[in-house]
C-alpha cells in the first residue's frame, strides 16, 4: 500500500528547479517500510543516480558511504509500474531494532515511520522537519499524564 | 508417469523462436536484415541479446547508437521480467516467431529500467532470489550461503548450466521436515489489462487444517476475476511457462517445480482466444 507520497521542489547548484517525488510503501515480503523516490527537472527529464547523489549535502556523503542502507537501485514501482529509485529494505530491521530497543528501555513511544524516515530520508535529500519529533514526544507527555 | 525432476529440465530448457527487426526510423548505412534467435524462457532479454546488438550495430553509425531497448507491438518490453513471462503475457496466442522490434534511440525513461551492464541484471536477479527466500524461509537459507554459492546461481543462469544452478537452488527448495512447505509462496500474478503491474501478497502453501492450497485457491483469494463464474464460460487463461496447469495443482508443488530461476512463480492471466 502507498502510505504517503509528497513532492518537493528543490534548487540545485546551477539554479535549476528539480522536483523530488517520494513514496513510502510497505513491503509484505520484508515486513518493513520502503522508500521509493524519483527526481526530475521541471521539463520532465529524469536525473540519474549520479546527479541525485551529487545533490545530497556534503556533510552526509562521507557518513552515508558507510551507512546501513546498503544500496540504492532502480526498480519498478509495484503499483505504478514506473521506474523509481529504491533504498533496499533488507537492512531496515537491523537499524530499526536498535532504535526500538532504546525507546523501550526509556519507556518512550516511538512513531516507527517518523523515526525510520528521519534516518533514511536525508540519504536521498528528504529532511524531516523536527516538528515530527515534537509530535511524538507530545504523545509521550499525554500518555504520562493519563 | 514423468518424474518430477523432468519438469525442472523442461522448464529450464524452454525456448521461444524470435525474430528481431530494427525499428524503421533508426538511421542505418545499409539495410538491416532481421535476426532470428531462440530465446530461453527463463532468462532476461538484455542477458541473451549481445549477438542481436552486434548484428544491428554493424549497419549503424556509432553516434546513432545509445542504450538498446525492445518493443512488441508498441509496448516497451521490461527486460527485468523473464522472457517467458513477457511472451506469455503479450504474445502467447499469436503466430510464431515472436516479432520484436529493436531500438537504439529515445529510451522510454518512464517505462523501462536502465540496464547499462550485466551487473545490473545480476543485482536484480539476486534481489528477487533474496526476496523469495525472505518469503519461504525468513531469509535463513540465502543468508547461510556463502558469496560463492550466490555467484554460482547467477553463473548457472548466465551460462545456461542447469546442473550448476540446481546444485545450489535445491537448498532454496527445501523446508523443515516438521512443516508441510514453505512459510509463504513467492508468486506474482500479471494481467496486461490492468495499470497495476502485478499482484503479490502473503499466501501460505497450507491452510489452517493442514490441507495443501491449490492454484485455484490462490486465484480465488487474490485474483477472483481470473476464474470463470460458476455457470459461465471461461474467459481467461491462467498460464505459467506457456502451459495452463490444472487449478487443482498444489501451490507448494508449483513453487518447487515451476518457479523461474529467481524462485518466483510468475503467473499470467490472459484473455482466452475466441476462435
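Cβ atoms here come from the backbone N, Cα and C positions, even for glycine.
Feature annotations, courtesy of TrEMBL:
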- B:11-104: domain 'Autophagy protein ATG5 UblA' (DOMAIN)
- B:119-174: domain 'Autophagy protein ATG5 alpha-helical bundle region' (DOMAIN)
- B:184-269: domain 'Autophagy protein ATG5 UblB' (DOMAIN)
Looking only at the domain 'Autophagy protein ATG5 UblB' (B:184-269), mean pLDDT returns 94
DSSP composition of the domain 'Autophagy protein ATG5 UblA' (B:11-104), residue counts helix/strand/coil, works out to 26 helix, 28 strand, 40 coil
Taking DSSP helix as H, G and I and strand as E and B, the domain 'Autophagy protein ATG5 alpha-helical bundle region' (B:119-174) has 47 helix, 0 strand, 9 coil
